[in-house]
Amino acid sequence: MENSKRFWYALSLLVLLILTICILKVSECSRRNLERKLLAERQLALRALKKDFSFDILIFTQHWPYTVCAQWMEHHKGNECILPKVRNSWSIHGVWPTKYHEIGPLFCNDTWTFDMKQIADIENDMKEKWINIEKGTPLDGLWKHEWEKHGTCAAQQIPNMNTENKYFSKGLEMFNNFSITKLLQETYIKPGIDATYKLDEIHTAINRTIGNNFAIICEKDHQTKQQLLFEIRMCFDKEFKFHSCEGIVVKDEVLLGHTKDEIITNCKKDVEILYPSSSWVAKKEWLMKIKEHMPQEKSWLYQVENVYKLVKLLQWATL
Ligand SMILES: *[C@@H]1O[C@H](CO)[C@@H](O)[C@H](O)[C@H]1NC(C)=O
Ligand SMILES: *[C@@H]1O[C@H](CO)[C@@H](O)[C@H](O)[C@H]1NC(C)=O
Ligand SMILES: CC(=O)N[C@H]1CO[C@H](CO)[C@@H](O)[C@@H]1O
């Protein structure tokens with residue numbers, strides 16, 4: 001009797017100990033994440049204070065409109081997208097002055113606000129290649145954001161980008177020279193309703209023509225739990241020559257290739273990457289609509305089930 005009591009006592013102590021360790025581990029991890037975020041923010045604020053807007057490279061980012069759309073639909077119920085007129089073409093996200101191992105500089109000139117009139121002559125081209133996919137937000141929403149956050153920083157140091165018009169024109173020029181649509185055209189990497197590829201297949205297809213000066217960025221689809229191809233970020237020096245992307249930061253994570261050949265990415269390396277087509281997006285939209293109607297049916301069924309259980313219980317109690 002004494003022994004078994006002691007045993008249970010020891011066991012519960014052990015369980016308590018294990019639980020405590022687990023809780024500590026989890027909080028340690030989230031604390032470290034928070035610290036990293038705070039550090040990045042403090043760095044930015046400090047540099048803004050010192051007016052240190054220096055940077056190492058320009059990151060030219062193109063995103064895959066169908067993945068952007070999927071994320072936008074998940075973001076809020078009822079969200080719709082503006083998709084490219086030419087089906088299955090990539091679109092520009094932005095041109096970002098960047099310091100290695102840091103984000104930014106960002107917002108380098110508060111007084112230089114976006115002015116649509118400055119880009120009147122390239123507006124049609126912009127609508128086609130620098131699409132604001134998030135329908136329902138202002139037409140110039142993305143452009144205003146990109147100019148004020150990144151353009152004002154590029155303008156300070158790059159003569160070919162020292163006006164709003166020059167900044168966006170340069171982005172369009174980079175797109176014309178290095179569009180992912182074109183780079184992938186002659187490869188077997190095609191979007192589809194279930195077109196998945198290994199990371200190194202996508203890497204090889206692009207690196208074949210531009211070398212290893214780019215990063216592959218993925219996003220997670222919360223509905224299907226798949227990893228989606230999201231962005232290709234190409235790195236350039238200030239003379240618009242290709243430069244390594246090693247050491248760029250994505251969502252608080254410094255991306256490093258460990259050897260010269262290594263792929264720079266935030267994608268999970270051992271999980272296939274989906275390159276979703278417009279049909280995949282349509283299917284997702286449809287599934288989301290169905291799911292919207294599901295809970296009601298479920299709760300209705302649930303009520304019936306409860307009533308049934310209650311009747312059974314009463315039967316049992318009165319018998
Ligand atoms: C900020 O922008 C204004 C134009 O709005 C310009 O006159 C000024 O020179 C810029 N300042 C810097 C530091 O670039
Ligand atoms: C784009 O290509 C043209 C023609 O080859 C070249 O003159 C120009 O410098 C390139 N621009 C960029 C930003 O790469
Ligand atoms: C042209 C080029 O840069 N090719 C490279 C593509 O990536 C592989 C693996 O990272 C390298 O070995 C090639 O040199």
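Cβ atoms here come from the backbone N, Cα and C positions, even for glycine.
Just so you know, TrEMBL annotations are computer predictions that nobody has curated.
Annotated features, as they stand in TrEMBL:
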ACT_SITE  H93  active site
ACT_SITE  E146  active site
ACT_SITE  H150  active site
TRANSMEM  6-27  transmembrane segment
Helix, strand or coil at E146 (active site) [DSSP, three-state]: helix
H93 (active site) in three-state DSSP notation: strand
Pairwise Cα distance for E146 (active site)/H93 (active site) [Å, integer]: 8
Proximal but sequence-remote residues of the same chain as H150 (active site) (Cβ under 8 Å, at least 6 apart): G94, V95, W96, P97, L106
Among H93, E146, the one of these active-site residues whose Cβ has the fewest neighbouring Cβ atoms within 10 Å: E146
